[in-house]
Amino acid sequence: MRSDTSVALRLSTLYAATFFGIGVSSPFLPVWFRGLGLSPDQIALLVAAPLVVRILASVWTAGLADGRAPAGRILVAANLLVGLGYLAAAPGWAFPVLLLLTASIALAQSPIIPLSDVLAIEAAKSRPRLHYGRIRVWGSLSFTLATLLAGAAVGWLGSGVVPLALGASYLGAAAAALLVADLDRDDAPRPAQPSAGRVRLPGALVLVILSAAMIHSSHSMMNAFGSISFEAAGVSPAGVGGLWAVTVVVEVALFSLMGRVGGGRAPPYGFLCVGGAAAALRWIGMGLEPGPGAIALLQLLHGASFGATHLGTIGAFASLAPAAAKARLQGALVASISLASALATVASGPLYGGFGARAFLAMAPVAVLGLVFALAAWRLAPQPQSAREGGNTSPPS
C-alpha cells in the first residue's frame, strides 16, 4: 500500500504532464491552423471535430474503467497515441487530412481527463489526508508554464513548432501515466460486482451535467478564436501566451483553498452558480472589444468561469454519482460538454468571421442557461440533515 505522499506525487505529476499539452493546444493550435492559411470556418470545424468524436467515444472509453480495464494503463496508451498523432500532423497537410488526423487524435484523447479525474477523486475519497484541489492545481500551474513557453517558441520559431511541441508533451504524459498504471487497483478499488444494467441517476446530477455542459461550452468562442482575437487587438505571440497564463492565477488559488472533495461548507451548486455568472460577465466584456489591459482583467475571470464550474461539478459527482458507474458518468459528462461545445464551436466560425470580437456576446446567454440549470440542481439536491434528523446525507469531510 503506497503512502499518501507517494500517491499525491504520482497524481500531481500526471496532471502536470497532461495539462502541459493542453496549455500548448488551447492558445496556439488555432494559431497554427491560421498559419496554414485556413479560413475561420475551417478552423472552427477543426476545433469542433474532436468534440464530436469525444461525444461518441467518451462514455465507452471511460466505461472501460468501470469494467476490467485498468484506468492507469488506458492513460498510458491514450497519451502515447495522442503524441504520435500530433507528430503525424506536423507537416501541415491539406484540410481533409488534418480533419481526419484531429479526429483520430481526439479519439485517443477522449479518456484522458475523465480517467485522470476518476483516479484522483477516488484516491482523495479513500485517503482523507489527500486534497483533490492541491493535486489538480499542478495541472493549472503546468498549463501556465506551457502557455508562456509556447508563446515564446511561436514568437521565435513560428507556429509550425506547435504540433511538434504537442507531440513531445503527450509522449511525456504517457511516461507520467506509467506512475499511476496500477493506482486504480491499489488506491481506488471498484466494487467486486459492479452493476452491468442501467444505473438510475439522481435528477440533481442530470441538472449538474447540463449546467456544466452549458457553462463550459460557452468558452468555445474563446477556445477557437481567443488567441486570434488577442492578436487582432495588437498582442504579440508572447503576450498571447501571457494572457492565457493569467487565466490560471485565480484558478490556482481556488483549487488550493477550496478543492477538497466532499469537504468544506460550500455546496458544489454554489460553485456552479458562480461559474455561470462569471462566464456571462466575461463574454459580455470580451464582446465590447476591449484593449489588452482590459482583456487581461477579463482573463482573470477564468478562475471562476472554469475553475468554480469544475470544482462544483467534481463535488456534485463525488456526492451523487452511483459507485458502480463513476467512470461511465465521467465519460457522459465529457460527452455532454463535447456535444454542447461542438455546436457552439461550429457556430463560432461564421459568428467571428462576421462580427469579430463582438461575437463573444453570443456566448453570454449560453452561460446564463448553465446558471439556471445550476440553480435548479441546487433546489432539487438532497439537503444535509443533522444526526438527530436522521443522519448525515452530505459527503463526509
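Using the three backbone atoms N, Cα and C, a Cβ is placed for every residue, glycine included.
Keep in mind that what you see is a predicted model, and the values were worked out from it rather than measured.
Under the heading domain 'Major facilitator superfamily associated', TrEMBL lists 9-359. Taken from TrEMBL, the feature transmembrane segment covers 12-31, 43-64, 71-89, 95-116, 137-158, 164-181, 201-218, 238-257, 269-288, 294-320, 332-353, 359-378.
Packing against the transmembrane segment (359-378) from elsewhere in the chain are residues 204-205, 207-208, 210-215, 217-222, 225, 229, 267, 269-270, 272-273, 275-277, 279-280, 282-284, 286-287, 305, 309, 312, 316, 340, 344, 347-348, 351-352: each is 6 or more residues past its ends and has a CB under 8 Å from a CB in it.
Annotation: stretch 294-320 has the most Cβ pairs under 8 Å to the transmembrane segment (238-257), among 12-31, 269-288, 294-320. Distant neighbours of the transmembrane segment (201-218): 268-269, 272, 275-276, 279-280, 283, 305-306, 309, 312-313, 316-317, 320-322, 329, 332-333, 336-337, 339-341, 343-344, 363-364, 366-367, 369-371, 373-374, 376-377, 380-382; these residues of the same chain sit at least 6 beyond its ends, with a Cβ under 8 Å from one of its Cβ atoms. Of the Cβ pairs linking the transmembrane segment (95-116) with the transmembrane segment (294-320) and spaced 6 or more residues apart, fewer than 3 are under 8 Å, so the two regions do not touch. Remote same-chain residues near the transmembrane segment (294-320) are listed as 117, 121, 125, 132-133, 140, 202, 204-205, 208, 211-212, 215-216, 218-219, 230, 233, 235, 243-244, 246-255, 258-259, 261-262, 267-279, 281-282, 285-286, 326, 329-330, 333, 367, 370, 374, 377, 381, 394-395 (criterion: CB distance under 8 Å, separation of at least six residues from the stretch ends). For the transmembrane segment (71-89), the list of distant contacts is 14, 17-18, 21, 61, 64-65, 98, 101-102, 104-105, 108-112, 115-116, 118-119, 163-164, 166-174, 176-178, 180-184, 188, 327: same-chain residues at least six beyond its ends, Cβ to Cβ under 8 Å.
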